[in-house]
Structure formats: structure tokens, C-alpha cells
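The domain 'CBS' feature in TrEMBL is assigned to A:532-596, A:629-688. Sequence annotations record features per position, and here TrEMBL assigns signal peptide to A:1-17. If you look up TrEMBL, you'll see A:82-103, A:136-153, A:159-175, A:187-211, A:261-280, A:300-317, A:373-394, A:400-419 marked as transmembrane segment.
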There are 2 protein chains.
Amino acid sequence: MHIFYALSPLLFVGSLAGLIDISSHWMTDLKEGICVDEFWLTQEQCCWKSENVTFENPNDCPKWRSWSQLLLNQSEGAFPYIVNYILYILWALFFSLLAVLLVRNFAPYACGSGIPEIKTILSGFIIRGYLGKWTLIIKTITLGLAVSSGLSLGKEGPLIHVACCCGNILCHLFTKYRRNEAKRREVLSAAAAAGVSVAFGAPIGGVLFSLEEVSYYFPMKTLWRSFFAALVAAFTLRSINPFGNSRLVLFYVEFHTPWHLLELIPFILLGIFGGLWGAFFIRANIAWCKRRKTTKLGRYPVLEVLAVTAITAVLAFPNEYTRISSSELISELFNDCSLLDSSKLCDYKNDDVNTTNGGILPDRPASKGVYTALWQLSLALIFKAVITIFTFGMKVPSGLFIPSMAVGAIMGRLMGISVEQLAYYHHDWAIFKGWCSQGADCITPGLYAMVGAAACLGGATRMTVSLVVIMFELTGGLEYIVPLMAAAMTSKWVADALGRESIYDAHIHLNGYPFLEAKEEFSHKTLAMDVMRPRHNDPSLTVLTQDSMTVGDIEAAINETTYSGFPIVVSRESQRLVGFVLRRDLIISIESARKKQDGIVSASRIYFSEYTPPQPPTSPASLKLRTIMDLSPFTITDQTPMEIVVDIFRKLGLRQCLVTHNGRLLGIITKKDVLKHIAQMANQDPDSILFN
Amino acid sequence: MHIFYALSPLLFVGSLAGLIDISSHWMTDLKEGICVDEFWLTQEQCCWKSENVTFENPNDCPKWRSWSQLLLNQSEGAFPYIVNYILYILWALFFSLLAVLLVRNFAPYACGSGIPEIKTILSGFIIRGYLGKWTLIIKTITLGLAVSSGLSLGKEGPLIHVACCCGNILCHLFTKYRRNEAKRREVLSAAAAAGVSVAFGAPIGGVLFSLEEVSYYFPMKTLWRSFFAALVAAFTLRSINPFGNSRLVLFYVEFHTPWHLLELIPFILLGIFGGLWGAFFIRANIAWCKRRKTTKLGRYPVLEVLAVTAITAVLAFPNEYTRISSSELISELFNDCSLLDSSKLCDYKNDDVNTTNGGILPDRPASKGVYTALWQLSLALIFKAVITIFTFGMKVPSGLFIPSMAVGAIMGRLMGISVEQLAYYHHDWAIFKGWCSQGADCITPGLYAMVGAAACLGGATRMTVSLVVIMFELTGGLEYIVPLMAAAMTSKWVADALGRESIYDAHIHLNGYPFLEAKEEFSHKTLAMDVMRPRHNDPSLTVLTQDSMTVGDIEAAINETTYSGFPIVVSRESQRLVGFVLRRDLIISIESARKKQDGIVSASRIYFSEYTPPQPPTSPASLKLRTIMDLSPFTITDQTPMEIVVDIFRKLGLRQCLVTHNGRLLGIITKKDVLKHIAQMANQDPDSILFN
């Protein structure tokens, strides 16, 4: 029951997501103009309230003024265009400057997507402050700013980080969770599910994402809680209704047109494109991030953000498909053209359309607008594909979901329109025979955009089930699961063939986080004795004896080494293991004994044993430290295959493990040793791994 | 890649499901009549082909003849009714007799639902033949027969068993899976998902069911494979199209009417009913099954099945809601009444209906037909609720999903109609104000039936997320997730308060399967030393030494004990552990050495050590057995809390674990010891647990 009190406030996550949505909409529109009299309204809200908007004149909205209209009272011509252009760039720079300064000065952890770090935290590594309240506040504010600045980034990944911060802060309110690391991780897994749920309006997809991608341990009882958290968050967001369409997402679509089996060919081609793009993006982005780390570039994060923003704004403004926000672009690309749609993408020739045909709109020949849209979209594709490489990883909150979906959606729409026109002009070809005759509605370019978006997202993140389920929840149609799966699968295979790591794993690797990958099997034939320390020629393991060492001996052992713990043995000769004691506990106990306990000097004996032999009256008082010793340290034999050792470390979440041979203590294996060994076996640099 | 070859033939599962569906439809209809000239057609197919069927006369189908029409050329009156009645009973008895005889004589494992056993198998227990080809064949055939006999059982649970049999048999075709127990379990998890997928047409729900209820270890890489398997199976079934509606399930519904927040009150009441029914059902069914086990009843399975079938048929025929199959009943109860629906459940007064009202059908006053339906449904509710207790667990394949959903759907529909009429006649009451005014379509009785079905299914099986997702996939509407969740949650809480175990866990318990529950936490403060054997006063542990025992000594140890393995120590004095050897391997090695190796006699020394000291020439040849020894046996210390031991056994799937103290071997803990200890701590009889 308790967990529900802790999770219910996850409606907070829904509220934050709504807040970010509304504010970023308003700020995005602010780049182009303002609603006079009611400046707090977005363009849509402003014009929706206006009474002059009629069906014929959707854009005639007197209250909304572009900057040129407001400043010069002019809207046509070159000069007003330039004024609008410059103000667009200035606003973008202002938003991104604010964002990067807030991040740099108040919460350095608020930058990036946060998913690599959350994966690492859930695997047992501690990054202090990463899920703190400052990170939460600053990330929430700067996320809206970063999205509004027009940079090629999304809010989905960072929302997961925000949700985890909420979950972590809530944990602090309850003793049960504050004390118990495992329970806290369960709450964080649930929070991650809630984050995806609000990001996409996909509660089931959110739970599966948390399960598949983010979480490390996912006990089954967490499933229900995650689902509950995801649902509460989603419904909070829905009641805030940021898009005014009673839907959780901007790009909700409801197709009904069926697809034909032969269309799997273009879908698989889109999958291949997605995989190629994903693999290329990961390589290029990692190369750029390495450059940032190793060269002077890393020293000027503010300048970098401003430069990328400026380039983005300068290049984005002239092309209407890049000027609008990425999510609006995706929404437009997913859209299926109706007869009355007036956008360029829907500019088809309607001469011979028989509107009485049961509401089915047949495939039509493209008109001039569609062709214009095609080359503008091609330019947008190149622009988005390249600029995202430089954007992801900068010192602002930046998610990858939306940019990669945008790339895929553009490619998909381009292919969709091509196949549609091909089918229209060549409906007598053998492959179109029978299902795509003249006057039939056989190709839906919006569906291609959707499949393309899934393919690119899959190529970059290597999500599988959760990707398909998220897309399925967006469209609400079970019938599109097969196209989506075909694309997701192809994309994953192609991308995996070019590089095993997802973008998140690549960033974990780049940052050297000690993350023990749970998906890959360790299949080398090494044994525990090959990995344990001390190695063959090293000095033997530092051990403490249970009853023969003095306070001075142990202090010396502490000062001479930097190990975080010491095994305790019966005697140095027998090397029979008794327990394990943490360095920290030893230092604290000895210090406090020296202060508070009478007669504890350097010559005092320390006893870890149960039984303390009677002391001669002349000797100094002895110190009993059995209580601080871990009596059940984890042991394996030196002959244990590393395959099993890795499995044990993963499943039990160990930090270290003692190695014995014939009952004698021989050495120790820490998580770091395991990680280094795995890196070595994969021919990677073992020294790049951080550890706390 | 390999796994896909192994899983692709899971389309076999889809085909089998289609086969069962079609045959059971035909046989169910056979109980009432036959299609003349084309006897292989079901009633629906027979009448669909007939040209005389018009919209006004849906039942006028000359080719379909009831038995009385065929035999007596009469259809009205008491005598034909009795003839039909008797033939209905005879056919039912025939089908069930055939089913129980096939099960008893050819595949005793084919009875029941199979889910408890599959859970146990996936947790590491081996039941030889349980997933074999005979079980597969007989279960497939008898499942159709059992469903057709009209017994209160469903085909969903058994379909999971059938799918797992398919998976297991496929594993045998590939060396990779035949040899590796863990990999095989992964395939079985995926197969279980495929089974649910075809049973309900819910691929995502199937994966989650496998994850939540059935599987024990569910590595993340299995997720994608399960999803793939579920989808392949579902699409195979769909292309077979057994229901002729392009849908995977008989009771697919597509509601569009929204629900009001206040309706959560009746939904929660349904949840409480579901929980109460679930808990009552489990207690009653377990009590009956215990009686079957302990009394003479268990000796006459055929008679039992015939008796229950006879009672079911006699009571079911007069009431039209019990005469039809349970899935048809559910389908009818889920259905939302349209204006032209002519069934009794839709017999509303249509006087003041304004059909131009945008297609919305307002709530209407009930007419005579609805009231007749109400009391018939009440009788059906009592009948189904009681007879299912005696049916589940008989020696025929029997699933619980459909019967419990039927009970819930009846209760839900009854409540839905009541609320609807209440709202119609009292729309001025405060609670109905604002959302349920006159002429509005505010209550959908079909939705209540759906919620009720979810509640009862949840009460019996304690499914949570998977239940909601399966129901959501049936309806295709994200908007009903909240009502379904509210009901499922209430139902689980109420049922859990009355008894912790789901019906499957209760049956696992009843049969004494060694199943280590992964959901419940072990929270007692006992230590490994309290559980390990030998206990305090027992003789010490039987150990072998690595280099001081002869063939005769070891054969004596084998003959004196029944342990399945022996620890090997350096010497009896030091008790330092070297390894662990299995009884089976020892017997085989010694036997083959005695036969094939020269000079091996009872006095021959056996060496488990690496180094074999030179033997005096007079002594007999020695036997080196290091290769059969497990060099990395799992050890824990005697001070390890049982909480951690239970966790290790679960996560690593251990069968035994050695216990040491200060580096000396002290004892052993087997999985059976752990299970007995858990049972003891829960005040249950520890001796009821089987073990192989």
C-alpha cells in the first residue's frame, strides 16, 4: 500500500510535462510573433479565440502579429522578412543562452538526455546529486527553453530524467525507501516508466521501455507499480490537455486504411535506412563528443551552444519544414491528406475525384505544391540528420527521440509519396495489379512516415518491443504492428551489424560509467583466477586476522592501502576466511574507540572472533569489532568460469566477491575488475572505466 | 538469428488454435442440430451460405435442422423439445467420454489447465513427458472435445500448455536448445506468450502474461522473441480466420461511448464482487480437489467427468444463456445494443427514440425481454459460479479464463442494466445530474460486462497488468484502461485479503510442486545455519576426501546414502572444500572404470586432486576422477541470512549450496530445504513438497 502513496504524487510528473509543453509552445511561437492584448496566448490559442477565423480563411487572424507586422506594420516584402528572420535568430539565441547558463551555473547534471546515467544508477552506481532537487528544477526550466530555441532536440529523454528526479525526491519522504537502495531503484524504474508515459502518451509502452531499456533489476512486483505510475502520470497530463485535442501527444493519428503485403518491401527499405542512419549517427556523435572531451572545444560550452543555435536558426528559418518545431513537423508528416487539406503536402489534383465513393479518397496525382514540398523536405532531411550530431551531447537538456523520429518521418514521407505516385502512374505494373488499381486508396504516405520514424528511432536506440508498442499506442491500430515490427527489426539488425552499441550504451562507454551490460552474454573461457587480484607476481592479498592484530597493525594496513574493504581470516597461515570488513567502518570504529573507550592504544588487540581469550592484566584493553564485520561475504572458487562470475555479479548486484581455493582465501574480484576484464576481452581500453 | 528459425514454426501454434476453434464450433453446434447435405458446416456457415436468410429473418435457414426437425420433422411442442434435450445431453456425454478416455489412456498430463505445471517447469523442476508430443496431440484433440461437451471450461489455459509443448518439441530439433536448459526455458517463455496471444488475440497481453504470471527467469532478450512469437502465432490464427470476422477473438468489441467518473463506483463494486468470487472459488475448488485426492472419488475420473457433464448438460439446456457456449455468451454480454438488435437482451422500448440524433442511441426503458433475460442471467450466474468449482481440475483439459470471465460478464451486465434503468427512471437524481440527462447515451451495459469479466478473472488468477492489457487489446480503446484497472486492482486487493494464493499457486501448492515463489519476499530473520543439514544432533555430513579414499569406500558411501551429490574435501580433519560431485556421475565413472580400465578393484585409490602422488608398485591402479568434479560449487557462510539465501536460490536457480564456517565445510542446503523452511515459516506442512 505504501508504494501507492509514494507513487501517486507522480501526477507531479504529468503536471511538469504539461507545464513544459505549454511553455515551450508559447516560446516557440514567440520567435515568430505575438498575440496582441493577450501576449500569454500561443498562436493557436490566439487565433482560435479570434472570431474572424473561418473555414475559408484559416490564417486570417488579426490578433496574431508577426514581429514585422508589429514593428513595421508590414508583412510582405524583403525587409519585413529580414526583420522576422533576425528576430527569430535572436529569440533562439536568447533561449539557448538562458538554458546553458542555468545549466552551467546551477545544475551541471541537468544537461543531456540523462538516460545513460539513469541506466548506470539503476545498475548500482551512485552519482551524488544526479537525481536531486536542483537538477529537477533546472532541467524542467531549461528543457522548455532548449526546445523553444529551435535546436534539433526533443524533450522525451530528459522527461525520463525529470521523472526519476521526482521519484528520487519522493523516496526521501519515506523512511522505507530512503534506507533501502533496492526499493529505491524499484521506484526509479517506475518513475522512468511514468516519464516515457507522459512523453509519448503511451503508458504500456512506457512500462516496456523501462523494462527493456532503462531498468537493470526489474522484479515482477514493479511491473504493476510502473504501470500504475505510468497511467497516473498520463492521465494527469491528459487532464491538463496541453495540445487541446484530448490526446496525450501532438502527433496522434488514427489511420484506417489497410496495408498490402507488398508494401513490406518499402517498409523494410525504410528499416534499412533507419539502421544505417542510426549507426552513422552513433559513430559521428561519439566521434564529435570525444573531440569535445579532448580538445579545447569542451572548455567553451556556452559558446558552443550559441554557435550551434545560431547555425540552426539561420539554416532553419528559410525552410518552412525546419522553421516549425520538430514535433509539429512529425505531426504534419504523419497526417493523412483529406480532400480539404490545404497544406502543400496535400496539394494533389482533385479533378477526377468521385467524392461519393463511400468516403474513400483515391490516390491522386501530385500537384505543384507536393513537388515543392518534396525538395524542401529533402533539404530538411539533410539538415536535421547533420545538425543533430552536433546537438546531442551539448550542455543543454537534449533528447534524441524527436530528432531521430523527424529524420525518419521525412524519409518515410518522401518514400511514401514516391510509391504513391509510382502506383498512380503505373497501376498497370504487375506488382500493383489487384490491389492498387486506378481510383483505389492504396498508399498512405502518412503510414510510411510513421514506419520511417520508428525505423530511425530504433536504429539509434535499439529499442524493440517498447518501440513498436509506443508507436502502436500512438496510432491505436493493431493492424500496423507488422509494418512497424518489420521496420524496427530490420533497422536493429542493420544497425547492430555496423556497431553493437545503442546511443545510450555508447555514451555510457564514452563516459566510462561502470555499467555491467545485462543483455550481452559473456562467452569467453576465462576463469576467476585469471581476473582476481593479486595476480601471479603481485604481493599477496592484504588480509586482517581475526585475533592476532593490534590497532596499530590495522591502522598501518589502512594507511598503506586504498582498498575499500579487507577480508578477515582465522590466521595468515591457514588463510581460512571469517568475514569481510569495510575500510570506512574500520576507520570510524577505531577512531571512536580511541576517543571514547578507555585504554585503547596502538598496542591494543583487535578481536573479530566470537570468543575473546582472557588478557593478562598488564596488556592494554582489547577492542571487539565483530559487529562491524560482514559474516557472509560472497565467495567463489578460483576455478569458477568468468561466464558464471559475470552472471552472479549482474543478478546479485555484487560490488566484490572473494576467491578461494580448497577453502583457503586466495584473492578478490571487484566489479571494476569484472568490467575491466570484459573490456579487455572485447579489445577495448580497460582503463577508461570510472569507479566510485 | 537461430532463435527465429526455432520460433517461426510457432505459427504451428496459431494453426492448432484455429483447428481447435473450428472443430469445437462444429461440435458445439452438432449438439443442437446438423447442416443437411453439408454436415461439415457449423450453423453459422450453413445459414450464411443459405440464400433465404434476409435481414428480417435471420433465423430462417432451411438447411440447418435441429435434431427434432431431422428425426421427427417437427420443431414445436413438448416432444421435439425433449428429443432435442436428450440428444444434447447424449452428445455432451459422448464428447466428454471421448476426451476423458483419451486423456486417461494416452496422455495423463494432458488434463487440467497446465499453467501451474508450466510455472513449476520454468522454475527449474523437471516433469518428464509433460511437454512431450503425446501430450501435445492428445491435449489438442481433447481440448476441442472438452469445450464442445459444454462443460464449464475454457481453452485458454490449455492453449498455453499446447504452445509450450510445441516450443519444447521444436527445441529438440536444435542442438543449441536441446543441450542448454536455460535457453530452453527462454523458448518456453516465448511459447507461453504465443499461447496467450492466440487464445485472446492479444500479442502484447500475451508477452506480459508470460512475463508476469508464467515465467520465472525472463531475461530481457527474451522479450523481443516472445513478442515475435506472439505476433507470428496471432497472425497465423488470423489468416485461418476461424470466426469469420477478421478478428482474433470471438468477443471483439469496439465501444466508443465515453464513461463518467461516477461510474467508477459500480466498477469498483464489480471489482469487489470479482475479488470475493475469486477467493471463494479458489477455496472451494481447492477443498474439492483435496477431497478428490484423499477419498475414493479420485479413483473414478471417467465417472466423475460423465457425472459432471450430465449435470451440466441437464441444467444448461433449458436456459438459453447456458445452452450456448461460454464464449458466445460473453460475446453477447459484451455487445452494445444497437437499434435493430433483436435479441432479448436488447429488447428496449423504442417509442421516443430520435434516430436522427447523430447516431447516438439514448438510454431507453427496458421492455419485457430484458426482464426475462435478467432472471435467466441470474440463474446462469449461480449455475456457472457453482459448476466451475467442480469442473476445474477434472481429468480433461480445462481452462479457467472463460468460465470466470463468463461469471463476471453476467454479473457486470446485470449491474449495467440495473444502473442504466436507474439512470433512465431517476435522471433527476443528484448523482446523475449533468451527465445522464434524459435522451443521453450515458450507460453502456456491455462495458459493465467487460469490467465484471476482468474483475472475476483477476480475482481468480491475480493477474494485474497483463489482465488490463489483454482486455485493452480486446476493446482497442485506451480510454477504458482506468475502469479496467480500478476493477482489477480492487479485485486483487479484496481477493488477496481473503487468501494470498492465486488459483495457479494454490494448485502448485496442492500438488506439492517445488516452486520457489518469486513474488513474495522472505522476511524472517533465520540464518543459513538454521536450515542447513546436518542439523545439530544429526550425524555429520557425508563427504569424500580428495585423495585418501578407495573405490570401495566411495561405493559404500553411495550405497549407504541417497544423496544426489557429495562434497569433496582436502581431508576430513581440515574440512576444506575442493569441489562437488554428483552421485550419478560417480556411479557411471566407477562402473565404466571397473569394466574398461585394467586393475581397478575395490582397493584402488580414487584421486580428485590435481596431483597424484607416485604409487608403490604393489598397490592397485588408481582412478583419477577430477574431470567429473564440479570445481566451482556454490558456497555461503553459515551466518548468511536466509533472506539472502532465498534470493540467491531464486536468482541463480540453484539446486544446492554448500555451507562453510571459517573456511571449513559445515553442511549443505538444497532447494528442498529452502522450500521446506519457507513452508515452515508460513506455518504450513513442510512435508507436502515433492522433489525430483
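Here the Cβ of each residue, glycine as well, is placed from N, Cα and C on the backbone.
Whatever TrEMBL says is automated annotation, not expert-curated.
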Top partner of the transmembrane segment (A:400-419) among A:82-103, A:159-175, A:187-211, A:373-394 - counted as Cβ pairs under 8 Å: A:373-394
Criterion met for the transmembrane segment (A:136-153) and the transmembrane segment (A:300-317) (at least three Cβ pairs under 8 Å): yes
When counting Cβ pairs under 8 Å to the transmembrane segment (A:373-394), the leader among A:187-211, A:261-280, A:300-317: A:300-317
Structural state census, the domain 'CBS' (A:629-688) (DSSP three-state): 25 helix, 18 strand, 17 coil
Same-chain residue ranges lying at least 6 outside the transmembrane segment (A:300-317) that approach it to Cβ under 8 Å: 84-85, 88-89, 92-93, 95-97, 99-101, 104, 149-152, 292, 323, 383, 387, 390-391, 394-396
Secondary structure tally of the domain 'CBS' (A:532-596) (DSSP, helix then strand then coil): 24 helix, 16 strand, 25 coil
PLDDT averaged over the residues of the domain 'CBS' (A:629-688): 87
